[in-house]
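Questions regarding the structure given below will be posed in turn.
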Amino acid sequence: MARPSLSRSNPLGFTPWPVTVITAVVYLALVVPLLVVHHVVPSAPSSSPKGLNLTEAWTDLQVLTNGFHPYNSHRNDEVHEWLLKRILELINSAPPASEYESVDEAKPDIVVFDDTQSNLTFSGRASGLGVYFESTNIMVYIRGWEEDKERWWEDPHGRPAGKGGVLVNAHYDSVSTGYGATDDGVGVVSCLQLIKYFTTPGHVPRRGLVLLFNNGEEDFLNGARVYSQHPISQLPHTFLNLEGAGAGGRATLFRSSDAEVTKPYMRAPHPFGSVLSANGFEAGLISSQTDYVVFEGDLGLRGLDVAFMEPRARYHTDEDDARHTSLDSVWHMLSAAVATTEGLVSDASGRFEGLPREDGRIASGSGPRGVWFDLFGSAFVVFELHTLFALSVTLLVVAPLVLLVTSIALNRADKMYLFRASASPEDSDGSEAVLLHGVRGFFRFPFLLVIPTAVTVGLAYLVTKFNPYIIHSSEYAVWSMMISAWVFLAWFVSRVADFARPSAFHRVYTLTWLFLVEWVLLVISTVYENKYGLAGGYFVFFAFAGTFLATWISYLELFALPRKSEYATQLALPSRRASSHGSRLGTASGEDVEDGEDEDEDDDGTTAEATETTSLLRGQRTTFANYVRVTGDYLRDDGDEPRQPNLYGHEQAWSIHLPKWVWVLQFLLTAPLVLTFVGPLALLLTSALRQTGQDGSSSLFIYIAVAALTTLLFIPLLPFIHRYTHHIPLFLLCVFAGTLIYNLVAFPFSPANRLKLFFIQEVDLDTGVNHASLSGAYPFVHDVASSLPSTAGQNITCDLDLLRPKCSWHGIPPQVVQPAEASKMKDWLSYNITRSDAEPKAQLSISGRNTRACKLVFDRPVLSFTVADSAYDPRFPHVSPDGTKEIRLWSREWGHTWTVDVEWAADTEETDEKGLRLSGRVVCLWSDGNTAGVIPALDEVRRYVPVWVGVSKLSDGLVEGSRRFEI
């Protein structure tokens, strides 16, 4: 039988150096661009595109963020007036009507609504919370050229005609401890630039466009909810929400309603995001919310949520400022907003129109759930979920059938060496057989997968126990530890297995196991797609498709082998038949001899050619004293055949017939697909979750996620890693040792990745006693509190049972109300109670000095409540099913008096007298920290905390003053 020839210097051969170099280069060639895309923001253009002015946008951001401007601050009023002024400047700077005629357009009508009339009472999604809120929203309506010219909103019963419009939303309030550059200053300046863009000739929208500058998002999405009470809210059917949950970087597509409304985002020059983030919101992995839930869930619109997502350590702190973001980040969000909005307002179809709804929500229709993801930040893929479901089901059925048919064809061709221990020669009576060792390597995969994965999971538990917050600042040290441990162990286990039982079928068996594992994962993913509408498992489909093709190629490779019977016939020569129970002098088998191995084997693992000095009995099995033991019918071993020059190591002799370059194709079908689809998800999850431990989230979860993602990313190496040289694995062993020590002992926070602690000062206005407190990761929060000058000699008490442990001390008294306004603390707020004599009802009037936010907190829930002059909307129930324990009151006026009527249940099991009683606290909030000395306890914290600590607000107010009442 002719033997195929193969040059030992084959650069694509399945030998150590080609395998090591090619796999390493492919991984680096994909990982490096993924890291660059994730961390480097595309540069803003040197000159502004037509209709935009990036210099104006950056200047606007600097003006907007020159102070804290929460809803309950005087700076917020200044921002409101500045926005109105800027909007009018942009409108007045629009070209004259003659310039529009040159592009066959008419100058659009623009209407500005300064909503200082709307209000709303509603209940929170959390049980027991009610909210009354007054609007200071600003809306800019750019009439579409396809729309009627009527001013329908001036009619109390008027409704828009024609197709629905588009809403773009950003909130102009910040938190009381952050300047709001990315949350949501970049969104605000993007909306300002959209006014400029869509009033430029050539860009006039087809559909009506509403730009909403809402106020009050940070305090419970209040601004978006009260927007529903303005007539213009009836116009939009689709929306784009611009938000910030980080402090720079790229703006990612967090979530979207469906595939149809997502497609306009494909126009973005640098799209970024994955549907997995939307599934994270649905699964509750991300606890914070945006106005998206109001527009989609409460109002019935269909839209997208685009937001900054990292770093969380700067989110809601004084580092959310213009200095810590960039013009490139502004451009990234602005360019996406322009492209998406232009796609929505130019849509001529009726796909965003639906039948009228009985629940009062917008009739925007419905679209199929979507699957979407970016490719290296340059392209964006969107398709419908049912398409993925159909493809998944098809692949689940077709792939096993293809392998089954191929196996049958191999068997009929007598070339099915897989799972075959031996073969009989042609015309044999069955008493003579040749060992094929075709089962070798089948049981390796479980060890290759389980041992490295188990160790990385163990590392996750180890780091969580000894240094749970290290990933907060050193995420790539954690990744390096996990990757180096996993790859080294996978290599070590595979090399041990290959040394003990060399097999040319390591690759095909490992691919077969991978096929089975990923088939099961695809079944699970497909079930979740169909049952729960979760599309985040789309990467499993692509990974399985690549693994299937690679596995199929391995099966097709077997057609290159000789027929088993033909091979056995050649090997089982009658002249070499041994006697039944005999011994003969022999030499040790090449599989059992290690001494002198280098003499017969080149560096690349191929065996040297036989010469006249080579032992004729090489390859025989020996027992003691070089005697071969043979029992029963003689079983010829393929190792008994003289050594072939192109045989790798001590693998089966028939393997020289297998193509030596096919592994490259198999690797390129598996690893790049996994890296392309899983790599961005790994980076996305790391960025989104690595700094959530300080918020009370589970630290173990993120480490387990890193361990699992490490397995997913490097599992394509398993069919090939036994061919690796020792250089990379030993280097990774050193990396593992260093990163393990670092991750266990290094301090987890730094000035660039600060620990966020949450401040509040609570004052009993009846007694004057106050307690300042910090909440956050323990024991760091206690150490920081103990380092403050005012806590020296105090007993700091810490409540460790809370989600965020809270440490309190007697604080420096606040000065949020000037002595001229109220000489005593109890005069900071006033209330009056009028109780019904016969029923468990009462009316409470509440007002506070130098504030426009107060609340009522009851010791037991009230059945119902109403706020004087408030609007009510059936889309927003205002009483929780289990009653209301807290009523938050917000006003656009300073020192406003709220009148609240409450009714509670009489306790029939106790005395009537006690049943008619209601007790609780009246609380007012102060949130303006712009002036030094107003909240000296906060000033002290900011001045004296370590550089690795950032300060955020714990609640709506920085200072909460309360007085008790009993009715």
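Every residue gets a Cβ built from N, Cα and C, even glycine.
As annotated by Swiss-Prot, transmembrane segment applies to 17-37, 388-408, 442-462, 473-493, 508-528, 533-553, 664-684, 701-721, 728-748. As annotated by Swiss-Prot, topological domain 'Vacuolar' applies to 38-387, 463-472, 529-532, 685-700, 749-967, with the evidence given as similarity to another entry. Annotated N-linked glycosylation site per Swiss-Prot: Asn53, Asn119, Asn795, Asn832, in sequence order, evidence recorded as sequence analysis. As annotated by Swiss-Prot, active site, proton acceptor applies to Glu217, with the evidence given as similarity to another entry.
For the listed features, I'd like the structural context: burial, neighbours, distances.
Sequence-distant neighbours of Asn53 (N-linked glycosylation site): residues of the same chain at least 6 apart with a C-beta under 8 Å from its C-beta are Gln193, Lys196.
When Cβ atoms from all protein chains are considered, those within 10 Å of Asn119 (N-linked glycosylation site) total 19, not counting its own.
Neighbours of Glu217 (active site, proton acceptor), defined as other CB atoms within 10 A of its CB across all chains, total 27.
When Cβ-Cβ distances below 8 Å are used as the criterion, the transmembrane segment (388-408) is approached by residues 371, 416, 418, 515, 519, 522-523, 525-526, 529-530, 535, 538, 541, 544-545, 548, 551-552, 555-556 of the same chain, each at least six residues removed from its ends.
Sequence-distant neighbours of the transmembrane segment (442-462) (same chain, 6+ residues past either end, Cβ-Cβ under 8 Å): 419, 481-482, 485-487, 489-490, 493-494, 497, 505-506, 509-510, 513-514, 517, 700, 703-704, 706-707, 710-711, 715, 718, 721, 740, 744.
Below 8 angstroms of C-beta separation, residues 313, 478, 481, 686, 690-691, 693-694, 699-700, 702-703, 706, 743-746, 748-749, 753, 755, 777 of the same chain, each at least six residues beyond the ends of the topological domain 'Vacuolar' (463-472), sit close to that stretch.
Within its own chain, the topological domain 'Vacuolar' (529-532) is flanked in space by residues 385, 388-389, 392, which lie at least six positions past its ends and keep a Cβ under 8 Å from the stretch.
According to DSSP, the secondary structure content of the topological domain 'Vacuolar' (685-700) in residues is 10 helix, 0 strand, 6 coil.
Long-range contacts of the transmembrane segment (701-721) within the same chain: residues 19, 23, 445, 448-449, 452-453, 456-457, 459-461, 463-464, 471, 478-479, 482-483, 486-487, 490-491, 494, 506-508, 510-511, 514, 543, 550, 663, 666-667, 670-671, 674-675, 678-679, 681-682, 685-686, 689-690, 692-693, each at least 6 residues beyond the stretch ends and with a Cβ under 8 Å from a Cβ of the stretch.
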Asn832 (N-linked glycosylation site) has how many other Cβ neighbours within 10 Å of its own Cβ?
11
Do me a favour and check the Cα-Cα span between Glu217 (active site, proton acceptor) and Asn795 (N-linked glycosylation site); whole Å is fine.
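Given the Cα positions, Glu217 (active site, proton acceptor) is 37 Å from Asn795 (N-linked glycosylation site).
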With DSSP helix as H/G/I and strand as E/B, how many residues of the topological domain 'Vacuolar' (529-532) fall in helix, strand and coil?
4 helix, 0 strand, 0 coil
By a simple count, how many Cβ atoms lie within 10 Å of the Cβ of Asn795 (N-linked glycosylation site), its own Cβ left out?
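I count 8 other Cβ atoms within 10 Å of it.
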Which numbers of helix, strand and coil residues does DSSP report for the topological domain 'Vacuolar' (463-472)?
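Its residues fall into 7 helix, 0 strand, 3 coil.
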Would you kindly list the residues that approach the transmembrane segment (728-748) from elsewhere in its chain, counting only those six or more residues past its ends and only Cβ-Cβ distances under 8 Å?
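Sequence-remote neighbours of the transmembrane segment (728-748) are 20, 24, 459, 462-463, 466-474, 477-478, 480-481, 483-485, 487-488, 491-492, 755, 948.
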Could you state the CA-to-CA distance between Asn119 (N-linked glycosylation site) and Asn795 (N-linked glycosylation site) to the nearest Å?
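Counting only the Cα atoms, the answer is 45 Å.
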Give residue numbers and ranges for long-range contacts of the topological domain 'Vacuolar' (685-700): same chain, 6 or more residues beyond its ends, CB-CB under 8 A.
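For the topological domain 'Vacuolar' (685-700), the nonlocal Cβ contacts are 38, 249, 276-277, 280, 285-287, 309-313, 460-461, 464, 468-469, 471-472, 475, 479, 706, 709, 753, 755-756, 776-777, 803-804.
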Can you see whether DSSP assigns Asn119 (N-linked glycosylation site) to helix, strand or coil?
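SS state of Asn119 (N-linked glycosylation site) = strand.
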I need to check the long-range neighbours of the transmembrane segment (533-553): which residues 6 or more away from its ends have a CB within less than 8 Å of a CB in the stretch?
274-276, 278-280, 282, 369-371, 373, 385, 388, 391-392, 395, 399, 402-403, 406, 508, 511-512, 514-515, 518-519, 521-522, 524-525, 662, 665-667, 669-670, 672-674, 676-678, 681, 712, 719
Suppose you look only at the topological domain 'Vacuolar' (38-387); what would the mean pLDDT be?
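Taking every residue of the topological domain 'Vacuolar' (38-387) together, the mean pLDDT is 96.
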